[in-house]
Amino acid sequence: MCFFAGKQKPTTGVIAGTRDGLSSESISRFLVPASECEFVLNSVIEELQKDPWHIPADQRASRCTGAALSVAASLLGVCVPGSGARIMAFVGGPSTEGPGSIVSKSLTEPIRSHKDLDKDSAPLFDKAVKFYDQIAKQLVHQGHVLDLFACAVDQVGVAEMKVAIEKTGGIVVLAESFGHSVFKDSLLRIFQSADNGLGLSFNGILEINCSKDVKIQGIIGPCSSLEKKSPLSADTVIGQGNTSAWKMCGLDKKTSLCFVYDISRKVGPDTVAQQTGEQLYLQFVTYYQHHEGQMRLRTTTISRQWASGAATVQELIDGFDQEAAAAVVARLVSFKMETEADFDPIRWLDRALIRLCTKFGDYQKETPSSFSLSPRLSIFPQFMFNLRRSQFVQVFNNSPDETAYFRMMLERENVGNAVAMIQPSLISYSFQSGPMPVLLDATAIAPDKILLLDSYFSVVIFHGITIAQWRKAGYQDQEGHEAFAQLLKAPHDESDAIIKERFPVPRLVVCDQYGSQARFLLAKLNPSVTYNSDNPAPGGDVIFTDDVSFEVFMDHLQRLAVQ
């Protein structure tokens, strides 16, 4: 790009814009304020046409996504290093040329699946991940963010790009096409005004200080380790570790990180006496560029007593947050599935749950019927049951791109949203009562009810068969049936409110009992009524599955916990 035409390019250090002898004229050849180029930019976008080049019927289109992102990263690195900037990639298909390509042009070669990745028969995968890891390092060094909008029916390489998006704290939106509401509405949300906008901020640095008996293993979430070794770093590393400072190139109002600590203090019978009443503290210091432009420093310090002595178990139970615990376990299991070869997630989750129930449950040894859990722990087994069946653990029926997308969202969202991903909420609407939450169970389906399922990525409005027949007959438009019209409208109002609040915008599915789209609801329900059941309830639904139901799961758990 002739930035250093006739000049000596500096050999060391970051080449940082104007201060390293780059004239502002040479920068403005490529980057100018939006106000100065609004007309040109709009004309360019309006005049964009589909590539007229003929693509042979047996080949994929030529696409060099990796090379384009590499150019964009280098351009920002030369012109505006260290100041907030994002690269937005709108990708409509797989990369087939140059570095970071994920598949060859020939359509006879299918795009990699989970099976190919397990068998190591995706030759381009590791090379592409390595390439995007280099881009990630470059962007983190420059303080810039990579966002991805992947809009295609086929895979585009989200699994390969995941490392660069995650380490820079970028946004990812996955939709079926650029015409889909999921893409259009999500893109609008990014440019919304500050009040209901995302609050996109830049160039954060997060540091942790804590008591000497606590060590930091790492962070699972959208950040990158600054490799700042300190006495606080634990020997084992989980996620982004080996440091007490992290770079967050992009962060917003909802960015949530999961910190994994290790307790290094020795606890024995003789140490109990001196520890009573002793405090430990954790401090989080975040320095970042706010979306209004100013630099902000936010410090949060929390402290609590070490649990000790006879009351330890009760103290730990009283402080246990089962929703936060479910979100943490989900991040841990996703991380292990991606980084450990031959990791068995189901077995790991089951063993962790049995250990928890054995230690904190109330029971008489060898008597499963006597088993009970404190209300602070009682929903946790249900979260684990649903996590085992969720798209984070069961990759069957999902492409590597979808799995990477689901895990990236899980690893950046707050506890409330993570719980909705693991165990969707279900609300029932009927003539008899107002909207009420119901159990995520096959028995919730009834012909005269409407169900609203919120699984974070999609919102499903499910009409029972009787309601669907009345709606098709048009009763809601007739006089005297205002209550029915109101019943039909209520779940739509609720779903509109959910969609308005959420980013990326979820997919809305409206379906009827026994219709093909009903699968979006049935797949999430506890299969308490299956084709093997003796007497299914009339008007309900039967789920065709060999999965165990929650009741069977709990029976087994109680039997193993009291052994």
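Every residue, even glycine, has its Cβ placed from backbone N, Cα and C.
Residues annotated as domain 'Sec23/Sec24 trunk' in TrEMBL: 19-191. Confidence for the domain 'Sec23/Sec24 trunk' (19-191), expressed as mean pLDDT, is 93.
Marked as domain 'Sec23/Sec24 beta-sandwich' by TrEMBL: 202-307.
What TrEMBL records for 321-418 is domain 'Sec23/Sec24 helical'.
TrEMBL lists 435-521 with the feature domain 'Gelsolin-like'. Per-class residue totals from DSSP over the domain 'Gelsolin-like' (435-521), listed helix then strand then coil: 41 helix, 20 strand, 26 coil.
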Residue counts for the domain 'Sec23/Sec24 helical' (321-418) under DSSP, helix then strand then coil, are 62 helix, 2 strand, 34 coil
